[in-house]
Amino acid sequence: VLSPSDKANVKATWDKIGGHAGEYGGEALERTFASFPTTKTYFPHFDLSPGSAQVKAHGKKVADALTNAVAHGDDLPMALSTLSDLHAYKLRVDPVNFKLLSHCLLVTLACHHPAEFTPAVHASLDKFFSTVSTVLTSKYR
C-alpha cells in the first residue's frame, strides 16, 4: 500500500519528468527488450531495432498509462481496469514482464534524474510500479 509520502514522492517525480514521460517510456521499453529478449515475443509485428518509431510509440502509451495512474493514485483498479482486461484477456502477457519493465523504468528514471533519485524516491517508485503491476495482473486470477 502506498503511503501518503510515497504518493507525494511519485507525484513530485512525475511532475519533474513532465514532457519527457513518453521519451522515457520508449527508452525503458528498449532497455527491457535488450535486457530481457523473451519480452520481444509479444511484439512480433514491431520493428524492435534501437530507435524504432513503433517502440517509441508504445513506450509513450506505457508512459501515458502511468501518468493516468499517478493522477488516480487513490483508485488504481478503476484507472487501470481497461488495460488490465486487455493484458489479461486479449494479449495474455506473462505477469513477470510487468516486473521486468518496472525495473527498466526505475533504471531509466535514475539515469535521467540521478540527483532526485534518492533512496526514498526509489522506494516509493518501486512500490508504485509494483502496485500498478499487481493491478494489471489482478484479472489473471
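Note: Cβ is positioned from N, Cα and C throughout, glycine not excepted.
These come from Swiss-Prot:
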- 1-141: domain 'Globin' (DOMAIN)
- S3: phosphoserine (MOD_RES)
- K16: N6-acetyllysine (MOD_RES)
- Y24: phosphotyrosine (MOD_RES)
- S35: phosphoserine (MOD_RES)
- K40: N6-succinyllysine (MOD_RES)
- S49: phosphoserine (MOD_RES)
- H58: O2 binding site (BINDING)
- H87: heme b binding site (BINDING)
- S102: phosphoserine (MOD_RES)
- T108: phosphothreonine (MOD_RES)
- S124: phosphoserine (MOD_RES)
- T134: phosphothreonine (MOD_RES)
- T137: phosphothreonine (MOD_RES)
- S138: phosphoserine (MOD_RES)
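The two recorded residues, T137 (phosphothreonine) and the residue listed as 'heme b binding site', have Cα atoms 8 Å apart. A coil conformation is recorded for S3 (phosphoserine) in the three-state DSSP classification, outside any helix or strand. Distance from the CA of S35 (phosphoserine) to the CA of the residue listed as 'heme b binding site' is 21 Å. The modified residues recorded for this entry are K16, Y24, S138, and the Cα of Y24 lies nearest to that of S102 (phosphoserine).
Counting every protein chain shown, 10 other Cβ atoms lie within 10 Å of the Cβ of S3 (phosphoserine).
In sequence order, L2, S5, D6, K7, N9, V10, T13 make up the list of same-chain residues 6 or more apart from S124 (phosphoserine) whose Cβ falls under 8 Å from its Cβ.
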